[in-house]
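Everything on this sheet refers to the single structure shown next.
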Amino acid sequence: MLILVGSKQGTMSSLASPVSLGSLMGVSSSGRSHSGVRRVSFSRGNCKGRKRWHCLSLSVCRYSVTTTDFIADQGNSVSLDSNSNSSSSSKSGGDDGTGFVLKPPPKPVLKAPDNRMTHLGPSRTTGDVEERNKVIESLGEVLEKAEKLGSSKVNGDKNNGSVNKPVRNNANASPRTERPVNSAASLKSKTLKSVWRKGDSVASVQKVVKEVPKPSYNKNEEEKSQTRGGEKVVSQTRAPQPPSKPQPLKPQQPSKPQPALLSKPSIAPPPVKKPVVLRDKGAAETSVKSKEKKSPILIDKFASKKPVVDPLIAQAVLAPPKPGKAPSPGKFKDDFRKKGALAGGGRRRRILDDEDVIQDASELNVSIPGAATARKGRKWSKASRKAARLQAARDAAPVKVEILEVGDSGMLVEELAYCLATSEGEILGYLYSKGIKPDGVQTIDKDMVKMICKEYDVEVIDADPVKVEGLVKKREILDEDDLDKLKDRPPVITIMGHVDHGKTTLLDYIRKSKVAASEAGGITQGIGAYKVQVPFDGKTLPCVFLDTPGHEAFGAMRARGASVTDIAVIVVAADDGIRSQTNEAIAHAKAAGVPIVIAINKIDKDGANPERVMQELSSIGLMPEDWGGNTPMVPISALKGKNVDDLLETVMLVAELQELKANPDRSAKGTVIEAGLDKSKGPLATFIVQNGSLRRGDIVVCWRSFWKGRALFDDGGKRVDEATPSIPVQVIGLNNVPIAGDVFEVVESLDAARERAETRAESLRNERISAKAGDGKITLSSLASAVSSGKLSGLDLHQLNIILKVDLQGSIEAVRKALQVLPQENVTLKFLLEATGDVNTSDVDLAVASKAIIMGFNAXTPGSVKSYADNKAVEIRLYRVIYELIDDVRKAMEGLLEPVEEQLTIGSAVVRAVFSSGSGRVAGCMVTEGKVLKDCGIRVKRKGKIVHVGIIDSLRRVKEIVKEVNAGLECGLGLEDFDDWEEGDIIEPSTQLRRRGPLKRPQHQWQLLWRE
């Protein structure tokens, strides 16, 4: 271990450096023998101001042994092979200049130590390899310091007494080139590491202590410079470099005889502008770190204003906040100019403006200069973009049509206004000018549309009527991918016909159930789907039967049944023949393109005539097979089950000829047969799968509704996990009640189903508005009534508000169509709410606010809701038969009309003579018909003209006052304000009657002859 001992100022006063460990040195006491330098010290001599290097002890070292010269204090080089007095003089440390100092190595240039004393204490020697490697690194640092001091002395640099940090040697430099030439260990350099690891006793060396005590500096010591040998030495600073492995130093010749060999010529670095502040190792690292944290970021003022990194992020990275409570947001004081600015600066604003221009151009479909991706000059201003948007809006404005197609149902006001390129206000203003006061959304009938379009010079043509048969077009469900995977499926059979012809009774016999007995009024008011096992050809095959209602109000239900069916069974009563709904059912089946099988029912009743029924069917194009046609007709008795098996066999034969197939391995597609709202299960619907398989957990979209399969139920109410083709199932868990007749299909994800449902729901907005029965429809008849309302008494327009609650979605459609048939010239119907489910308190509140009545069709009312309605004085009427509902609505509409007063003629009399009395002239009359009553009104006619209208003041018979005189009797009567009687005048007595106003405006009205 090397120990450097300096002066009291802590600096080395001699230009020397310790030699490499193991350098040979001649000792006079031993003649020409050589010993290795084991310890070198730099001690203070007796003379003041003199410092020397001394070789304290010598021993032979097997590591990097070489011959090194000593350099005297005055610069004289003395070889180690000199006499012993040289050695002794070096030890004595006198002022005679005979002391020896070690020659510096050539490369590293380090600062001289401070004038203060640097004490390096000895360290304990250890035997492990890591400790020795650290010793070598410490020795290398010390040797580099000494080498720099020697180099600065030779080059004449000035020294200010400061000590620099050790400089790391080049890691790529080869240690062989710098190894001493005469080293005794050069022959064993390859095995040097292994020799060192073996722990040779000679290799025990003292370790240099790296931690140097922190000296205290003052300003005078920093600025103080010292001279040695007539030359001023100035300290030089270099950037700190990472430490490198120690390398052996190359021997150097004495300076005087061979000055070029002392060290390699070095170029002094340029002087540093700022004064060097000396700190210890720890202080230097702290200074560097703090400088890096607080160093400013240099930005070119001509560069982009947008920072590469967000200033807030950069500030957080450069100066992370201390742990603790963070400042509350919004308390930073920003410059008032920057408050409204964006975080990204001006360029960010320009980019956003460009995006706005591009977006405007894409939305408005106009060409805006500068809206391209590349910036080319100044963009459009805000005013220019606004002008472009206005121009695009004008271009997209509706254009008045020249020819308008109108159906029988009329048009909405907003739809008509769009077609005429005008506003709804102008249309409504025209209606106001004609005496109509529209309330809310109005539907204008076809005649009124023609009148309005005539004002705008628009031609109106009649559109083709949309028939219910259009709903029964059979949908093609199969795809091209299914053709190779088709399998047989059960047939779907729909039972259709007129009401009370025995459709449900036939199905009850087939299902062995009693459905007809449980139906209200004995009529079907909804579609029932059932799966039945039918024996055929020695085996049992599944069939699906659909029971449709036969009432005229349920035509759409029959159409839906025909659209999904494979075979239509038309039931005709043998004692009743073909009726209106029979013809409609046949038309639906023909429109759907399905085969028809006729079941002539009730052949066991008296008066049954199957031959007459077959004759009637042949007259409408259905020729029986027995008569050479192609329509199977089977006489049956559904009540007793006669010939029902023959009917089923005929149906299965027809189904076999059709070769009904489907692909059960794909996702399901089908049709909604019926839908409703259950108070315990929520929205529910009956699906019939037409292709694929519907499984529990599938995601289904059905027009404006979607469903993630929670549960599937068969026709018996049992849970099932899968529904194969042609199988009807009931599903629960829908987001809302779907529309009966819609097509459903399975989609991949719930998000896709929700998106499609919302899009389709928006497209049905107008249909939902126009679905209200009698939603203020304006017709020419109502217009005429409104115009004449000021002249004719007894007529006025009223409105009946109804809240309808039903059990099934299809029932809403049926009830609405049935009520639309009622005349609405004087009283209009307005359905405020049409929904499925039971009556609730919300319905009662709506009825209170709108003065409406609540009608339930196959719906129930909880007891609490009924009590709540009674307290609110709201009437709730529940029905199970549609006939009763229609009759009550008619009576309610008539009750809104004002009673009409009419004059009814009750008799006739002829004036036979005229008498004078004290009260005036009195007419003697003969009652020819009817009777004459006292205080009744009369009309006096003379030669066919009415000359007076008044009231009988007095009535006498043979001088007795009476109240009435019957026909064939004579009487005398007098009037209070009339006495100009003549013989032959005809008197017509009449009485005033009050009756309920008619729903339909009468063709004529009687003029009131008198008023009380």
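Numbers here mean position along the shown chain, with the first residue as 1.
Cβ coordinates are placed from backbone N, Cα and C, and glycine is handled just like the others.
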Problem - Range among 41-44, 445-448, 601-604, 773-776 that Swiss-Prot annotates as region 'G4' - result: 601-604
Exercise for the section: Tell me the Cβ neighbour count for Asp500 (GTP binding site), meaning other Cβ atoms within 10 Å of its Cβ, over all protein chains shown. Expected result: 17
Practice task
Let me know how many other Cβ atoms fall within 10 Å of the Cβ of Gly497 (GTP binding site).
Solution key: 28
Completion exercise
Summed over the region 'G1' (497-504), the DSSP helix, strand and coil counts are 2 helix, 1 strand, 5 coil
Practice task
Take the region 'G4' (601-604) and count its residues per DSSP category (helix H/G/I, strand E/B, coil), listing them in that order.
Solution key: 0 helix, 1 strand, 3 coil
